[in-house]
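Engineer: One structure, as structure tokens, below. Some questions next.
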Amino acid sequence: MKTLYSLRRFYPVETLFNGTLALAGRDQETTGFAWWAGNARLINLSGKLLGAHVAHAGLIVFWAGAMNLFEVAHFVPEKPMYEQGLILLPHLATLGWGVGPGGEVIDTFPYFVSGVLHLISSAVLGFGGIYHALLGPETLEESFPFFGYVWKDRNKMTTILGIHLILLGIGAFLLVLKALYFGGVYDTWAPGGGDVRKITNLTLSPSVIFGYLLKSPFGGEGWIVSVDDLEDIIGGHIWLGSICILGGIWHILTKPFAWARRAFVWSGEAYLSYSLAALSVFGFIACCFVWFNNTAYPSEFYGPTGPEASQAQAFTFLVRDQRLGANVGSAQGPTGLGKYLMRSPTGEVIFGGETMRFWDLRAPWLEPLRGPNGLDLSRLKKDIQPWQERRSAEYMTHAPLGSLNSVGGVATEINAVNYVSPRSWLATSHFVLGFFLFVGHLWHAGRARAAAAGFEKGIDRDFEPVLSMTPLN
């Protein structure tokens with residue numbers, strides 16, 4: 001393989017902490033990286049780098065399978081998923097596997113199958129990773145030119161990008177196929193408290209789908225996170241899958257335009273930084289989605305959202321006091337506003353008390369009680385169903401709060417109850433991971449730009465300000 005540039009120019013020399021440890025073709029002298037820099041030693045060894053990536057995929061899939069089986073082994077069907085600290089089974093249940101009306105788990109066998117399939121896949125990936133890391137060719141360019149590459153080869157890089165986009169598009173269409181033809185998905189909005197159904201009347205209108213992208217991200221609007229029906233979600237996946245596949249074909253067939261060649265840095269570390277930036281954005285979006293959205297992440301499996309738990313508490317006490325004879329339409333609270341019901345600034349009838357800040361919550365157990373002007377007093381008096389009372393009481397005591405005391409007027413459990421909502425876990429973990437991926441993006445982007453500009457060795461030490469300062473001692 002012809003290396004198009006010197007290693008020294010693009011890869012800074014790191015300090016070797018252990019000079020005696022040397023592996024043929026993997027030591028500091030031949031790669032410019034010390035042993036602790038991991039896969040950086042394999043930057044120009046496409047075969048070995050393939051092994052590292054396949055092995056990494058094996059670890060990821062092994063975790064998924066093992067954790068899946070762990071959750072199945074610990075699962076208690078009588079308790080809601082969100083009380084059991086589960087993060088994988090809720091995803092499988094949302095896809096419509098093993099659940100029936102109201103989100104009740106009727107069969108755990110599909111979950112077991114999922115775990116076993118992932119374990120078997122991880123074994124295949126693990127074997128492939130070890131093979132390519134230890135036995136396979138060091139570089140792929142000579143033997144398998146289709147899979148070989150040089151980082152500076154812009155045409156090859158966009159071809160690889162295109163292949164990735166096509167795979168992502170196929171992934172989006174797998175959800176579409178599940179929703180349309182293979183048993184459907186769980187719809188929390190199905191009448192009577194949620195059910196699995198096939199999605200038939202897809203939303204394909206570009207004005208609706210792309211309207212989400214044009215919405216404000218702030219309260220009441222909520223950008224794409226505000227999606228609240230499965231027709232839009234599955235229709236969006238058709239659009240997204242189509243765009244990804246067409247974009248992938250485009251990137252395979254074309255070469256980068258001159259402006260793109262000039263605008264981007266074309267090196268392995270630059271591509272790493274772009275990928276980290278993309279993953280960071282995904283992490284932040286996922287954080288907001290799992291925290292606020294109860295359609296893509298049904299509350300039956302993930303527990304209520306924060307606003308939902310707060311509104312559920314107001315609803316629960318409205319039901320109780322109405323039964324005890326309170327006139328919920330006119331009772332005054334301690335602030336002079338309505339105790340149970342009040343009007344929002346725009347005139348809708350909303351729940352009173354601290355939960356007024358969450359007045360724009362939409363939830364399947366509450367929407368049937370709304371009329372054209374917000375909550376309908378006559379429906380609140382005559383139409384409340386037992387399942388709505390049960391669900392709101394359950395949600396009231398399972399707020400996604402990690403606090404020791406009450407927050408936002410929501411009753412939290414007594415200290416003897418060890419409850420952390422999966423929404424809290426998933427939102428927090430994705431925010432933190434998104435943040436660190438963003439820091440990694442800044443770090444690798446800075447190094448890649450410096451290497452491309454030819455000054456990755458750092459600033460000239462002769463002119464450092466500290467040299468002209470008085471020593472500390």
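Every residue, even glycine, has its Cβ placed from backbone N, Cα and C.
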Engineer: For the feature transmembrane segment as recorded in Swiss-Prot, pick the matching range from 17-39, 178-200, 224-246.
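Structural biologist: Spelled out, Swiss-Prot records transmembrane segment over residues 178-200, not the other listed ranges.
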Engineer: Transmembrane segment per Swiss-Prot sits at which of 45-65, 255-275, 423-443?
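Structural biologist: It is 255-275 that Swiss-Prot annotates as transmembrane segment.
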Engineer: Would you please say which range out of 112-133, 134-155, 354-375, 398-419 has the annotation transmembrane segment in Swiss-Prot?
Structural biologist: 134-155
Engineer: On the three-state reduction of DSSP, what should I expect for E367 ([CaMn4O5] cluster binding site)?
Structural biologist: helix
Engineer: Hey, which bits of the same chain come close to the transmembrane segment (255-275), Cβ under 8 Å, at least six residues off its ends?
Structural biologist: 10, 43, 151-152, 154-155, 157-158, 440-441, 443-445, 447-449, 451-452
Engineer: Do any residues, 6 or more residues outside the transmembrane segment (178-200), come within under 8 Å Cβ-to-Cβ of it, and if so which ones?
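Structural biologist: Distal contacts: 93-97, 99-103, 228-231, 234, 294-295, 298-301, 364-365, 387, 391.
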Engineer: Near the Cβ of E367 ([CaMn4O5] cluster binding site), how many other Cβ atoms are there if near means within 10 Å?
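Structural biologist: The Cβ of E367 ([CaMn4O5] cluster binding site) has 11 Cβ neighbours within 10 Å.
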